[in-house]
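The structure appears below as structure tokens.
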Amino acid sequence: MITKPLFNHHRSHLLFLRRHRAFINLFSSTSPPTDFLHEAETKIRALCEKPTSQFIDAFSIFNQIIDSNLIPSGSTSNFLVGALTKGKRYNLSLQVELAIGVLGLMVKRGFSINIYNVNLVLKGLCRNGEVDKAMELFRVLDRDCVLFDIVSFNTVINGLCKAKRLEEAMGLRAEMEAADCSPDTVTYGTLMDGLCKEGRVDEAMDLMEEIRLNGLEADVFVYGALISGFCHQGDVIRGKEIFDEMLGKGISPNVVTYTCLIHGLGKMGQWKEATEGKNPDVATYNSLLRGLCENGKVDEAMMFFDKMLKENYIELDDKLFSVLIQGLCKEGRFDEALEFLSKMVDKGSVRDMMPYNILIGACLEAGHVEKAMGLWKQALQLGLVPNSSFTYSATINGFCKLHMVNIAKGILIKMRASGLTPTLLDYNTLIATLCKDGSLEQARRLFYEMRNANCDPDVISFNTLLDGTLKAGDVQSAKQFSKLGQLDDAKSVFEAMIASGFTPDVYVYDSLLKGFYSRGEKEEIINLLHKIAAKGVHLDSEITSTILMCICYLSEDINIMELLPSFSQQTSKGSSITFNELLTTLQKSHSGLQLSAA
């Protein structure tokens, strides 16, 4: 049987064969390794690893090795194949041809071939449209007992499908099973995509059944192929069923799937007839619009919505145009979003606060306070009453980010007046903002009000108020604590926090220690150190320094300047220690230390 040559006999390939004449007349005996061989192989690697890889020069040295009656090592040959197939600087076709030449030598000499590199060569040929050469190389290596893996088969099957040679691709799938290499989802997806593009959707559905029988999970590519196939056949209803099945399995459609189904839904004649006058599924449209918006195709989503609206294929629904408003807001197109909402209001289609919630939150996020307030008033004028905590929470959060805390507090009051209970997040957001703005007394009142309203504080609530209390006393000048009375307040909140079962953060412990140290309260320092030890708090460099300062104050025979360097070095390495570990280290070097962690 005569096989086609691996290279066509045009000028460049004749030159290639002349340059690689050594492949034809290789000596059967292996020449002993020499210094030249070692140096040449080192140069090959160096040339290929350069930022601007010099493959031609590397291959020229490879030729010199062969012309010297030497045989390059298998590792160097594998390395060169990999470098050639990964390189992007030179002509892809030439690089792949050079790689095939090296593979030819390796097969002839019986070297172990790296299947990863073989796959790269096969991929390069298929990507270059040379599927015949890919198949011939596949057959040659198969005869030489190269064990192909799933990637090898999938690469060639993909090349055959793209070349519309489906029968050969299906045949190769059968060879996979004979070679004890089971098809995976990629194999099935590639074949199904090829079949659907040829209008053979029924055969693709047979493969879908095989996927299920083999215990595999279809992915978005598999579902997308079927949706595309049915929609191109005009069977939009079946395409939608596949789409719904995909959503039911929790698989997120990609933009290709969305676009394909939208194209099918654009031909609504069959859809309208099949639904027998019923309203189309709003959830499907919602998912389609959301998918387009999330993939940055807001304009396409708007066009699709307008078309469906104009053709009366959908009824206006708050959920549908809320998706579009959110898409516009994410792109910063607030004026367009406002105009779109205005159109929906004119049509009498706005029936709840959802679109207003989205726009108000987005406007506040971007600092457009006047627009946000205008939208709030407009919603109230339309008789839309904020009837969920989400509306209020989004507004409170937005005004707090802008440090417009008085307005945020007013919203909180309105929220309670409407019979809704503020959430833990609402309180924490307001408390944090009040603390940052220095309104500590208001933050404290809100904290106690929160507890009276049966909204139990969490660790964030306590830490926020403690941090705010201590910062208000200026931790850097801790002497002010006693004057301002903040330290006693902080201690009170700290004790309530411990009683509630929460653990303060390291910053809180550090700040309290500094405060007690500044007032010379030895007993408070010792009690707090015992709490730190009992909780097993991990110490950072800042609190370690504070603890050492306190210990030196408690034990006057200890010099802090002797202690700080070793602990600073330990904590600067990113490690942390517990208080008990700190004490153990101290007691080893200062046996007279009386402080106990017990």
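A Cβ is built for glycine as well, from the same backbone N, Cα and C atoms used for every other residue.
Any TrEMBL annotation is an automated prediction that lacks curation.
The helix, strand and coil residue counts that DSSP assigns across the repeat 'PPR' (114-148) are 26 helix, 0 strand, 9 coil. If you look up TrEMBL, you'll see 114-148 (among others) marked as repeat 'PPR'.
Tertiary proximity for the repeat 'PPR' (149-183) is limited to same-chain residues at least six positions away from its ends with a CB under 8 Å from its CB atoms, namely 115, 118-119, 122-123, 125-126, 129, 131, 134-135, 138, 190-191, 193-195, 198, 200, 214. Sequence annotations record features per position, and here TrEMBL assigns repeat 'PPR' to 149-183 (among others).
Within its own chain, the repeat 'PPR' (184-218) is flanked in space by residues 150, 153-154, 157-158, 161-162, 164, 166, 169-170, 173, 176, 225-226, 228-230, 232-233, 246, 249, 251, which lie at least six positions past its ends and keep a Cβ under 8 Å from the stretch. Annotated repeat 'PPR' per TrEMBL: 184-218 (among others), in sequence order.
Annotation comment: TrEMBL describes 219-253 (among others) as repeat 'PPR'. Taken as a whole, the repeat 'PPR' (219-253) shows an average pLDDT of 88 in this prediction.
As annotated by TrEMBL, repeat 'PPR' applies to 281-315 (among others).
Taken from TrEMBL, the feature repeat 'PPR' covers 317-351 (among others).
Using a Cβ-Cβ cut-off under 8 Å and counting only residues 6 or more beyond its ends in the same chain, the repeat 'PPR' (352-386) has close neighbours at 318-319, 321-322, 325-326, 329-330, 332, 334, 337-338, 341, 344-345, 392, 394-395, 397-399, 401-402, 404, 415, 418. Marked as repeat 'PPR' by TrEMBL: 352-386 (among others).
TrEMBL lists 388-422 (among others) with the feature repeat 'PPR'. Residue counts for the repeat 'PPR' (388-422) under DSSP (helix as H, G, I; strand as E, B; rest coil) come to 26 helix, 0 strand, 9 coil.
The feature repeat 'PPR' is assigned by TrEMBL to 423-457 (among others).
The annotation repeat 'PPR' is assigned in TrEMBL to 505-539 (among others).
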Tell me the residue counts in helix, strand and coil for the repeat 'PPR' (352-386), as DSSP assigns them.
25 helix, 0 strand, 10 coil
For the repeat 'PPR' (184-218), what are the DSSP-based totals of helix, strand and coil residues?
26 helix, 0 strand, 9 coil
